[in-house]
Amino acid sequence: MADTGGRPEVSLATVRSPGHPAASTTAAAAADLGHADTGQEKPTVESAQPANGAAPMGECGTEYRGLPDGDAGGPMPSSARTVSMIPLIFLIFYEVSGGPFGIEDSVGAAGPLLAIIGFLVLPVIWSIPEALITAELGAMFPENGGYVVWVASALGPYWGFQQGWMKWLSGVIDNALYPVLFLDYLKSGVPALGGGAPRAFAVVGLTAVLTLLNYRGLTVVGWVAICLGVFSLLPFFVMGLIALPKLRPARWLVIDLHNVDWNLYLNTLFWNLNYWDSISTLAGEVKNPGKTLPKALFYAVIFVVVAYLYPLLAGTGAVPLDRGQWTDGYFADIAKLLGGAWLMWWVQSAAALSNMGMFVAEMSSDSYQLLGMAERGMLPSFFAARSRYGTPLAGILFSASGVLLLSMMSFQEIVAAENFLYCFGMLLEFVAFILHRVRRPDAARPYRVPLGTAGCVAMLVPPTALIAVVLALSTLKVAVVSLGAVAMGLVLQPALRFVEKKRWLRFSVNPDLPEIGVIRPPAAPDEPLVP
């Protein structure tokens with residue numbers, strides 16, 4: 001155990017709960033996601049003072065202490081949490097999907113059959129395991145640090161910071177997509193938005209308006225997400241009904257394995273079916289997260305898959321195939337072919353509003369992640385400051401700045417770069433998930449994936465293989481840029497420790513957070529920069 005060097009010791013709480021039955025398949029685990037275990041006995045809390053001083057976050061099996069009222073342990077009382085079930089489902093929907101806008105490249109890259117198979121198989125291989133991990137660890141650590149705290153408590157604060165850096169950067173890159181998609185859908189009706197100064201001004205204006213919406217608070221964002229979600233999906237429901245008489249099932253079976261752009265195909269599928277863990281950085285704002293978060297994830301998985309397959313089947317089955325036309329924005333053209341100009345304008349309007357929903361949901365996740373990291377002492381304290389609406393102002397401004405810097409990249413470049421960074425972060429999450437199971441098998445888990453440790457390892461084999469494939473298929477340019485970004489994070493954490501030691505910026509730990517390690521004063525001058 002590391003020497004504390006005169007730091008104040010804190011008592012840690014070991015929470016034990018009854019065991020949960022294990023299942024044998026991922027499908028059974030996914031079904032269980034729909035109902036969090038609410039029949040547990042109240043966990044008993046025993047004080048356990050380490051013999052040689054308290055350990056830093058992530059060492060010696062320190063555990064997260066739950067609230068005594070049965071709510072999943074969190075830094076905020078239930079009365080201060082504002083996000084309920086329905087808004088949470090739509091926030092997850094927009095974190096992950098937002099509708100079928102952007103899935104067109106999967107058909108252009110691989111044809112109808114592989115696109116349909118991809119959106120049926122990848123949710124089982126990737127989305128369900130990621131949602132299950134998020135349900136268990138998000139309920140176990142219901143604070144705004146989310147996956148940063150999962151990794152920090154398992155691997156230590158250095159790797160927790162790396163997780164936060166890669167995931168935040170990936171999220172900001174992801175958010176830079178939405179102005180691009182928004183303008184791609186509008187440029188057929190407003191050609192001036194296709195490039196040049198009008199496009200640049202449109203990106204800046206849109207980013208400013210949506211950033212202001214985030215500033216007004218999660219309650220506003222959540223209910224706006226519901227309204228946008230309903231409006232954005234309605235035209236596809238209508239398009240599917242119009243397409244019924246024109247469907248030719250044989251068109252769904254078209255495949256040409258000799259003409260597949262595997263890199264574009266996998267990156268498009270992966271981008272449209274990941275980011276289930278992003279909602280964890282809002283867990284500190286969710287009402288009764290131990291019950292609400294797993295249920296919301298269950299419903300959101302079904303919601304997302306149906307929202308992709310329904311228009312994909314309608315578009316590929318009712319319109320003769322021209323793979324060259326299947327690029328982002330093509331659903332508006334399909335709507336015009338099937339229903340006329342009125343349906344095309346409706347789809348374009350829905351795309352615009354959907355991108356607004358995805359933007360505000362992603363920015364909420366990114367900005368609250370920075371707040372959560374600051375509350376754990378990983379970032380300067382000004383990131384933890386909240387506006388009068390309870391929102392993280394510094395995190396919002398930093399995230400918006402990143403979006404503006406990256407929004408001039410092309411759609412495909414953005415997708416490939418964010419997927420590369422996201423993969424590294426997911427590998428750390430997988431390791432943290434297994435380590436928590438091995439080191440803390442009896443820790444309180446309001447929701448527990450109904451698999452034993454061996455079953456959890458088996459569940460993670462397919463997604464790990466998928467990550468390897470996505471990384472292997474990345475272009476040299478994307479790999480160099482992404483690895484450069486990773487290297488920046490490796491240097492940035494020691495640099496921040498140096499700044500802390502010099503007292504150039506203030507760092508602090510929120511005392512209201514449950515204890516998962518040492519609450520320490522600023523770094524001592526003789527402390528190593530990297531733990």
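Cβ coordinates come from backbone N, Cα and C, glycine included.
Listed ranges 193-213, 319-339; the one Swiss-Prot annotates as transmembrane segment is 193-213.
In this chain, the transmembrane segment (113-133) lies out of contact with the transmembrane segment (341-361); the count of Cβ pairs under 8 Å, excluding pairs fewer than 6 apart in sequence, is fewer than 3. Within the chain, the transmembrane segment (113-133) has long-range Cβ neighbours (under 8 A, six or more residues past its boundaries) at 26-27, 29-30, 33, 96, 103, 106-107, 252-255, 260, 265, 269-270, 272-274, 276-277, 297-298, 300-301, 304-305, 308-309, 312-313, 316, 426, 429-430, 433, 449, 459-460, 462-463, 466.
As a quick check, the transmembrane segment (147-167) and the transmembrane segment (296-316) miss the bar of 3 or more Cβ pairs under 8 A, pairs 6 or more apart, so the two do not touch. Across the candidate stretches 83-103, 262-284, 296-316, 476-496, the maximum count of CB pairs under 8 A to the transmembrane segment (414-434) is reached by 262-284.
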